[in-house]
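Participant: Pasting the feature list from TrEMBL:
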type	residues	note
TRANSMEM	29-49	transmembrane segment
TRANSMEM	56-75	transmembrane segment
TRANSMEM	87-106	transmembrane segment
TRANSMEM	127-147	transmembrane segment
TRANSMEM	153-175	transmembrane segment
TRANSMEM	209-229	transmembrane segment
TRANSMEM	249-266	transmembrane segment
TRANSMEM	278-297	transmembrane segment
């Protein structure tokens, strides 16, 4: 639900700009604000998960997500007569949803460690983490289908609010414990993790980790850029919103298939470094090809 709300407007940026009478740059900020907020709040989310617990983190994120989706609806309610202020209700709603994103993204690892035995953790983490690209896939396919014209923007906002509010209710009512009464494994009983700030200092002094973080951040940045701006790039060339959304969905699906196959390969060969270098080289080559094909000369 969080990832759906993040990319709600990206596949229909032109329709959104026309409906709210704003520029495409202001529409882009509805997606970029997620990244801007996740940088400082990502540290807070890590502390909340470690110190307050998984239950409170999930309930807090669900309330932020549900409240943000409802506030977004205020921007399209005609009886409020917001006029030029409607965009800011949309933006504030996006900011609240953005606060929920780090809590959601960081939760699967904690969930797997606390609630599952050692031999099930990788599977549990994979299934929970798959919900993130699934949300991106749904947003790329659903937004163009719901908004053939700008007047359908309210329908889209209402449709996306349903799963967010439902998740808020389910999390509040259904989650009662921050950890199982009986630990599923010995490692879940005896945690060996460092205190938050001690672990943070150790990571910042680890050269290999810094290099890996920069490379991973570059990959995420490229993925985010394509996800948020693909519609604007393709529609300028005369393609439809549906085609742009399909390309965004294929972008996600191919990534999932590639991750699955590559995961099996490195599990068997243990060639993590070689595989990482090859993947980054292929990503750079694909980006260059996309830039050449999308240039004005073509």
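Glycine is no exception: its Cβ is also placed from the backbone N, Cα and C atoms.
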Participant: Are the transmembrane segment (278-297) and the transmembrane segment (153-175) close enough that 3 or more Cβ pairs fall under 8 Å, when only pairs 6 or more apart in sequence count?
Facilitator: no
Participant: For the transmembrane segment (249-266) and the transmembrane segment (127-147), does the number of C-beta pairs under 8 Å, pairs 6 or more apart in sequence, reach 3 or more?
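Facilitator: In contact, yes.
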